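One structure below.
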Amino acid sequence: MQFNGPKLPFFLTMEPLGLSPVYPMFLLGLATYCLILVFNLTLILTIALNRQLHKPMFLLLINLPINDIMGATAFYPQLITSLLSQDGTISQPACFLQALLVHLYGGGTLLILTAMAYDRYVALCCPFRYSVIMSSGKVARIIAAVWLTDIIVIGTIFCLFVKLRFCRSAITDMYCNNPSLMKLMCEDTSINNYYGLFTAFLLQSIALFAMFFTYIHLLLTCLLNKRADTKSKAIRTCVTHLMVFFLFELTTLFTVVSHRFDEVSPFLRRSIGVSFLVFPPILNPLIYGLNTREIRTKVLHLLLNKVSPFILTRGPGKQTFNTNTHKSFLHSSSEIFILSN
């Protein structure tokens, strides 16, 4: 697939980052990327390595950190390299790959959250038929449908570029995306524009309806419960989940729409456009993962089991760390961790 027209150079130029001093910003970007990898890989390994967590809710949830790693990897390596070299150029293939991965990340997040909302709705409204409705085969089909829909919908956006001719090389964002790529074209981009807006509003509307409908039912059910701790936990869970979701919805919607209006400040557009690649990959594993007691407990045991092999048994006359002490330590630590949360 050949994207470059005869007048377009092989390298494209992004907007200057305008971040200083350089090395502290480079270290901050590197540390943030490493933090995202640690949080999301921990969640993936915890679910994958524990058969007790191979339930519909967690099998759907594991797709979220995979998707977050894809989005972060599409953005951070290019950002870190640009900061270190102070060079804002990117090759055409790399630019289109970055744009594809960023859009797959955005669409994937909405579709995965919709699937998770459906799972919670079934568990809430059909508890006695939950195991039948959310069987392992049904969960596998839902996961396949999520990724297949994401690939087809987003892939179509970039297939529309094939027959168009490019004659500019200045990317108007800090990363490549569909709106900024459309501004490189000399020809009519109405089809690309309308299809991009349609898919954005469609995916966001479906996710918004699913989340709103599910959490309204969840709140009403829990508020009718007489236990005060159940009510407070339900409200806390719903509020945190909805805050992260609406933050993602607003930032993605603003990013898509702002390119259509010249009156929007370029600095504001770039800042908000970057935020949906920075905050959700950090917050999602904490809010949807470690906020769940089963995952918290398994993460704690995973960390302790990885650290404990490095504790060596001491020689004669020195204190020994035996198996019973180890088991007691694991048990007491997990109890303290759960009670404190």
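Glycine is treated like the rest: Cβ placed from N, Cα and C.
Summarising the annotation, TrEMBL assigns transmembrane segment to 22-45, 57-76, 96-118, 139-164, 194-220, 241-261, 267-288. The feature domain 'G-protein coupled receptors family 1 profile' is assigned by TrEMBL to 39-288.
When the stretches 57-76, 96-118, 139-164, 267-288 are ranked by Cβ pairs under 8 Å to the transmembrane segment (194-220), first place goes to 96-118.
Residues 29, 32-33, 36-37, 39-41, 43-44, 47-48, 97-98, 101-102, 104-106, 108-109, 112-113, 115-116, 119-120, 123, 139, 142-143, 146-147, 175, 274, 277, 280-281, 284-285, 288-289, 294-295 of the same chain lie 6 or more positions beyond the ends of the transmembrane segment (57-76) yet place their CB under 8 Å from a CB of it. The average pLDDT computed over the domain 'G-protein coupled receptors family 1 profile' (39-288) stands at 87.
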